[in-house]
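Chemist: Encoded as C-alpha cells, here's the structure I'll be asking about.
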Amino acid sequence: MAESVDLPIRLAILPFRNKVLLPGAIIRIRCTSPSSVKLVEQELWQREEKGLIGILPVRDSAEAASTPSPGVQTSKNQEETSDSHKLNGKNQPEVIHWHNRGVAARALHLSRGVEKPSGRVTYIVVLEGLCRFSVQELTTRGTYYTARIIPLDMTKSDMDQVEQDPEFVMLSRQFKAMAMELISVLEQKQKTGGRTKVLLETVPVHKLADIFVASFEISFEEQLSMLDSVDLKVRLLKATELVDRHLQSIRVAEKITQKVEGQLSKSQKEFLLRQQMRAIKEELGDNDDEDDDVATLERKMKAAGMPPNIWKHAQRELRRLKKMQPQQPGYNSSHVYLDLLADLPWQKASEEHELDLKAAKDHLDSDHYGLVKIKHRIIEYLAVRKLKPDARGPVLCFVGPPGVGKTSLASSIATALGRKFVRISLGGVKDEADIRGHRRTYIGSMPGRLIDGLKRVGVCNPVMLLDEIDKTGSDVRGDPASALLEVLDPEQNKTFNDHYLNVPYDLSKVIFVATANRVQPVPPPLLDRMEVIELPGYTPEEKLNIAMRHLIPRVLDQHGLNFDFLQIPEAMVKLVIQRYTREAGVRNLERNLAAIARAAAVRVAEREHAIPLSKDVQQIASPLLESRLADGADVEMEIIPMGVNNHDISQALRITSPLVVDEAMLEKVLGPPRYDDRETADRIATPGISVGLVWTAFGGEVQFVEATAMVGKGDLHLTGQLGDVIKESAQIAMTWVRARATQLKLATAEETNLLEGRDIHIHFPAGAIPKDGPSAGVTLVTALVSLFSQRKVRTDTAMTGEMTLRGSVLPVGGIKDKVYFQLIFMWFILLLVTSEIKQ
Ligand code: ADP
C-alpha cells in the first residue's frame, strides 16, 4: 500500500454509482452489464498481469435513474456497477454526472460466472484502491469508457516537505490518537487482540486517513469530499473529524443499549422471548399456544354444566384471564382457578341403579367376615335410602381400632349403592382452611380437601369417607370441626362455601361416612350429627377366619400366587396371630401374611427355573426362547404369544407340590417370635408385680404394675408418666390395703402400720407412654397385696376394674377391646370382679 504507483496516462473507467472507492480500501464488485463485462474482459481478464482501471464516482440523477439499466444487479455485500450513463449516446439525453476525480484500482482477484437461464457472462472482481487521479478527458473504447488522467499522488520530495510542516505533524498526531481510541473501543467490543494497532505504526498517516474513512458508513457527499481532499492537511482534518464522529456514535449507541437493557425488566424479556417463540411456532405450524389453551379451557367450562350464577362468575373470571398476558402475575392462578371450576362435578353423577338389598348383603358378606350387627345396621341404612332416596339419614361413623375394616365397610356401601368412593383423610388437620380452602388472595392458596376430593372423584354424588374424624384438632388457625359441622348438616351443606372456590357448592348429594379410633375426642356437636357404630376389634378366632377366608386369598392374588403354589395351614396362621401380632384389627396380620407370600414368590420363581421343559416344548423352542432361558427371564410369558400350546407349558412349569408354610419358614421370614407366653412368667417372677388390662386407641394392651418396698419414712412414690386419676387410684389402693392389713394377714395384730419404717414405690413400665384412667384400681391392690404378703401373682391372669375406697369394684366395660388372644396369654382367664372383693 505504501508503494507509489506509476499510472498510465489513459485508464479504462468503470463508473461507480453513488459510491466512492478510496485509496487503501478493498471492494468486491459484480459486473453484469455488457459494458462493464467487456471492460473486465479486455482490460483485466485477458491480460497476463492484472491491470489497472479507474473507478469514477457517478452521481445518480432523476434522469439517470429513469434510464433503463439492463445490467444493474445488486447483492447485499457487493457493490454495483452501472453503465447507464451514455457519454455520447445518439438518442439519449446527455446525462453525465461524472465526478472529475477518481481512484485508480488494481484487481486483486477475478472470477467468471455464467448466469443460468440466459447464459450471460458475469464477473466478480475484487479491487484495491491505489491512488487519486483527476480526469482530463473522457472517451469511449467500444462499449466502455477510458479517460486521460493526471495522478494526484504526491511525490517523495513533496511528502518530505509536508512532513516538516508543524501543523501537519500536529494534525497527524491528533488523528493517530483518535484512531487509536477507536481501535481500542472496537477491539474491546469485539474482544479481539491488538492486530489493527500495528497498522497505525506501519502505514503512512495520509493513507491511514483514507483507510479509516473508507470503513465508515458515511454519505456519498462526505465520501466525495474525502476523495477531493488532495491536500494532506485537509484530508487529515476531515478524517479526524469523521473518526471522532464515529467514536461518538459508537459510545452513544452503547449507552442506549445499556439503558434499554437495564430497563427491560424480566417480564418484558420474557414477553419478547414468548413473542419470538410464538413466531417460531407459527412458522413451524405448531399452534398450541396460549390462545388455544384458553379456548380449551372455555370449552371445558361450557361442558361442566355449572349452575347459571356460577357460570356468570366463571365467565367474568375468564374475561379477565383473556385480557392478561400469560406472564402476568395473576394469569396462572386465574387459570388454575378456572380449571378447578371446569373440573368440578357440578352435575355429573354416577347413575344410581335400583338398589338390590339382597345383592348388597351378599356383597357385604363376601367381603367381610363376622360383623353381623354392623352389617345388619348397614343394610337398614341402605333400605331406608332405597325407600326414600333423598332421605336425610344420619351420617354413619365407624369407630374402632385400626385395621378392623372401617374403610373397607365404607367402600362396600359405595359399591352396594353403585356410587364412586372417595376417602378424605382428616388425620392431623388443625387448620380450618384444610377443610374450607384458602382465600385466593393468599399465595399458594388451594381448595379445601372436600372440594379437592370431589374434583378427584369427578361425580357430585360419591360416598365420601371422612377418615379419622377424631384426629382433627383446633388451634389458632381455626377449628376444622366447625367447618365439618357445616359439611355434615343437611340444612347447610347445600351451599357449602369453600373459601378458594368462593361460590357455593352443593354437597347435599354426597353420602358421608366417617371413621374414628375413639369417640371421646370428637366434639359433641359433630358427634350429634353422626350415628356411631362401634367395631371393637376381633377375637383370635375371628382373626383366624378372616385370614383364612379373606386375607390369604387376597394376598396370594396380589403376589401372583395361588393355592397350587403356596399353602398356609391354619395352625401357622394361628402362630402368626399369637406370636407376631398384637393388635385389635388385622392390618399387621395381613402385612405378615404378605411377607410370607413375598418370600414364597421368590422360592416359587427359583423353582420354576430349575424345572426342565418337557420334550414337546423343547421342540418348538425358538432362538428367542433360548435366549430368554439363558437370561433367566420369565419363560412362560414369552412363549404364549408365539402360539404355543400353553397348557403344555403350564404343565411343564407346574410346581409338583405346593410350598407349605411351616414353623421354620415362619421364623425365617418373620424373625423370632415377638410375643410369647414366657414373657409374663419371666416378668412376674417376684412378688409385688401384677398384670392389668388397659384400653388404648389401638386396642387392648397388657400393663404390668410393679411395687416394691424399701427403708423409708412411709412415703408412696409413683412413676411411669401417670395422670392424676391413676395416681389417686394408687392412693386409694394403698389406703385400702393398709386398712385391711390384719384381715389380709399382711401384718400381725400388734404391728398394724404396713408403712412403718419403709417407703413404697409403684412403677408402671413403658415409662415413656402416658397413662391415666381409673381402671387400674384392682391391679394396684393386687400388686400391693402380693408385695406385702410376699406371694407371687398368677402369670395367666390379668385384671381391670376401678375400685372405690370402700373396696367395691365398679362394673367394667370394653372387655372385648381389652382382651385378645394374642395379648400374650394363651389361656386367658379374665378376672371380672363386679362385686366386693371377698376378704
Ligand atoms: P380400618 O379402616 O379400620 O383401619 P381397613 O378397612 O383398612 O381398616 O381394613 C384393613 C384390612 O383388613 C383390609 O384389607 C380389610 O379388608 C381387612 N379386614 C378388616 N376386617 C375384615 C373382615 N371382617 N373381613 C374381611 N377382611 C377384613
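Placed from the backbone N, Cα and C atoms, the Cβ positions cover glycine too.
Among the features that TrEMBL reports, active site is placed at S775, K818. Annotated ATP binding site per TrEMBL: G400, P401, P402, G403, V404, G405, K406, T407, in sequence order. Marked as compositional bias 'Polar residues' by TrEMBL: 64-76. Marked as compositional bias 'Basic and acidic residues' by TrEMBL: 77-86. The domain 'Lon N-terminal' annotation in TrEMBL covers 11-247. Summarising the annotation, TrEMBL assigns domain 'Lon proteolytic' to 684-839. Annotation comment: TrEMBL describes 62-91 as region 'Disordered'.
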Chemist: Does anything in the same chain, at least 6 positions from T407 (ATP binding site), have a Cβ under 8 Å from its Cβ, and if so what?
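Modeler: Expected: R423, L465, D467, T515.
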Chemist: Among P402, G403, S775, which recorded positions lie by ligand 1, judged by Cβ under 6 Å to any atom?
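Modeler: With ligand 1 as the reference and 6 Å as the Cβ limit, the list reads P402, G403.
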Chemist: On the 0 to 100 pLDDT scale, where does the domain 'Lon N-terminal' (11-247) sit on average?
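Modeler: That stretch averages a pLDDT of 78.
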Chemist: Using the CB centroid of G400, P401, P402, G403, V404, G405, K406, T407 as the ATP site centre, which other residues of the same chain sit with their CB within 8 A?
Modeler: F398, T515, L535, G537, A584, G585, R587
Chemist: Around G405 (ATP binding site), how many other C-beta atoms are within 10 angstroms of its C-beta?
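Modeler: There are 24 of them.
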Chemist: Counting only other Cβ atoms and using a 10 Å cut-off, which of the binding-site residues G400, P401, P402, G403 scores lowest?
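Modeler: Among the binding-site residues G400, P401, P402, G403, the lowest count of other Cβ atoms within 10 Å belongs to P402.
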Chemist: Might you list, by sequence position, any residue in that chain lying six or more from V404 (ATP binding site) with a Cβ less than 8 Å away from its Cβ?
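Modeler: Within the chain, V404 (ATP binding site) has Cβ neighbours under 8 Å at L535, P536, G537, Y538, A584, G585, V586.
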Chemist: Please report the distance from the Cα of P402 (ATP binding site) to the Cα of S775 (active site), rounded to the nearest angstrom.
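Modeler: Given the Cα positions, P402 (ATP binding site) is 23 Å from S775 (active site).
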Chemist: Secondary structure at S775 (active site) (DSSP, helix/strand/coil)?
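Modeler: In the DSSP reduction, S775 (active site) maps to helix.
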Chemist: Rounded to a whole number, how many Å is the Cα of G400 (ATP binding site) away from the Cα of S775 (active site)?
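Modeler: The separation of the Cα atoms works out to 20 Å.
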Chemist: Looking only at Cβ atoms, how many others are within 10 Å of the one on K406 (ATP binding site)?
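Modeler: If we count other Cβ atoms within 10 Å of K406 (ATP binding site), we arrive at 26.
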Chemist: Determine, from DSSP, whether V404 (ATP binding site) sits in helix, strand or coil.
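Modeler: Note: V404 (ATP binding site) is coil by DSSP, not helix or strand.
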Chemist: Fill in the CA-CA distance, P401 (ATP binding site) to S775 (active site), as an integer in Å.
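Modeler: Spelling it out, the Cα of P401 (ATP binding site) and the Cα of S775 (active site) are 19 Å apart.
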Chemist: Rounded to a whole angstrom, what is the C-alpha distance between G403 (ATP binding site) and S775 (active site)?
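Modeler: Cα to Cα, G403 (ATP binding site) and S775 (active site) are separated by 25 Å.
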